[in-house]
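Annotation comment: Swiss-Prot describes Gly165, Gly167, Lys168, Thr169 as ATP binding site. The region 'Domain I, interacts with DnaA modulators' feature in Swiss-Prot is assigned to 1-81. Marked as region 'Domain II' by Swiss-Prot on the basis of sequence analysis: 81-119. What Swiss-Prot lists as region 'Domain III, AAA+ region' is 120-337, and the listing cites sequence analysis. Taken from Swiss-Prot, the feature region 'Domain IV, binds dsDNA' covers 338-457, and the record attributes it to sequence analysis.
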Amino acid sequence: MERDLSQLWQNCLLQLQDQISSSDFGLWLRPLQADTSMPNTIVLYASNMFVKSWVENNYLAQITKIAQDLSNNTDLVIKVQEGSKPAARKVVAQQEIANTPVQHSAPMPENEPQAAFRSNLNQHHLFENFVEGKSNQLARAVGQKVANRPGDKSANPLFLYGGTGLGKTHLLHAVGNGIIAGNSNARVVYIHAERFVQEYVKALKAERIENFKKFYRSLDALLIDDIQFFAGKDGTQEEFFNTFNSLFEGEKQIILTSDRYPREIEKIDDRLKSRFSWGLSIAIEPPDLETRVAILMKKAEEKNIYLPEEVAFFIGQKLRTNVRELEGALNRVHANADFTGKAITIDFVRETLKDMLALQDKLVTVENIQKMVAEYYRIKVSDLKSKNRSRSIARPRQLAMALAKELTNRSLPEIGKAFGDRDHTTVLHACRTIAALRDDDNNIQEDWSNLIRTLSA
C-alpha cells in the first residue's frame, strides 16, 4: 500500500506540473515531502507555516481531486503539515519529474469498460479563459474550428508550435474539452510525447503491443504535446506513423505541439515531418504588451487578487518571455503581499521581483538582437548601423528596431542611438512599418516568428 501511494504521489506531481506554472511548481510543490506510510492517507510536509497555509489555500483541493481521480478512490485523504519528515516514517523525497515512471495513462485493456476511460484533459483549460491577442489569435480561431468540426481535413493534423509557456498546452486542452462538449461520447486523449514513448516501451515489454495499438487507433481525437520528444525514438516513430495513418484515414482529429516548426525538428523521420504539414501549422508567439497586461489582469481576477492596472502594465513591460513567467510573477507578488500585509504597488513589485527583473534585463539586449538579425540575414552588424538604405539592409534594420522595441526596455531614443545615432521617429516608423508588413507579408511574419522564438529561447 505504501509503495502504491508513493507511486500515486509521483503521478499526481506529473499532472500538477502540467497544470501550473513551472515557477509555482518549483516554489510550492516540488519541495513538499510525502509520507505514504499510513493507509489511505498521504501527508505532505511543508518547510514552514507560511508554505503550509499557501499550499492548503491554493493547491490542496486540486491535489486531492487529481489523487482521487488517479486512484479511483474518493476516500483518499491528503493532508498538509508543517515540519520535516518523522524519524519513524519513510518519507519519499520528490524525484526529478523527468525520471519518474508514468502509470496513470496506460492503454486500456481490451475488456476495460468505457466508464474507466480517462482523457487526461485539464477541465480548467478552456477557450473561455484563454486570453487572446495578436500573438495567438489565429491559433485560437483554428482551435475553435477544430473543436466544432474535428477531423476536417483542412486542419488535420493541427500543428501548433512556439516557445515554452506560450499557451500551446492550454489551447490543446481547450480544443479537447471543446470536442467533448460537442459530443460527450467522443474518445479524446491528451498525452505528453514523453509519456507516449514510455507507454509504448512498457507495452512492448509486457507483450501488450496489440492492446496499445487498438487503444490509440480507436480514438476520435489524439492530442500529443511536445512531439519533439519523439526525436531519435525510431520504434515509437514507426508506431506513431501507423497510428497517424489509421486516425487520419478514419477522419479522426490529430493535434500536435512542438517548440519548433515541423521541418526544423531533428531526428524525426521525414515521412512524419511530411504528415505533420498535411493540415495546418500555426505559430504561437510571445504575447505583445497589451496581451501580457490582459493575461495578468485575467489571472488576478481568477485568483481574486487586487492588481492595479498600472502595476499590471509595469510587470507586462518588464517580463516579456511567456505566460508562465507572468503567472509565476503574479503568484510571487500575491504571496509576498499576503505574507507582509503590504499593498501591491509598483515599488512593492519592483522589490519583490528584483531577481526576475535583473535576469530579464540580461537575457535580451539590443546588441543581442542586432547580432541575431545580422546572422539571420547574412549581413554585418555594421550594416544595421550604417546609412545604407538599400532594401536588403533597410528591411532587416527595421525588423531589428521593432524587435528591440518589443523585447527590451530601451526607449525609442536609446534604440535609435544603438542603430547609428538615428532619431526616435525613425525607430517609431520602423515599428509601424514592420507591424503592417507582418499582417500583409507572410515572409516577414515568418522571419519575425523565427527571430522572436530564437531570442526568447
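Just so you know, glycine gets a Cβ as well, placed from its N, Cα and C.
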Task: Model confidence over the region 'Domain II' (81-119) (mean pLDDT, whole number) - done: 48
TODO: Let me know the most crowded of the binding-site residues, choosing from Gly165, Gly167 and counting other Cβ atoms within 10 Å.
DONE: Gly167
Task: Output field, ATP shell: CB within 8 Å of site CB centroid, site Gly165, Gly167, Lys168, Thr169 dropped - done: Gly162, Thr164, Leu166, His170, Leu171, Thr257, Ile284, Asn322, Val323, Arg324
Task: DSSP-derived structure type at Gly165 (ATP binding site), helix or strand or else coil - done: coil
Task: Neighbouring C-beta atoms (10 Å sphere around the C-beta of Lys168 (ATP binding site)) - done: 25
- [ ] Might you list, by sequence position, any residue in that chain lying six or more from Thr169 (ATP binding site) with a Cβ less than 8 Å away from its Cβ?
- [x] Asp18, His125, Asp225, Thr257
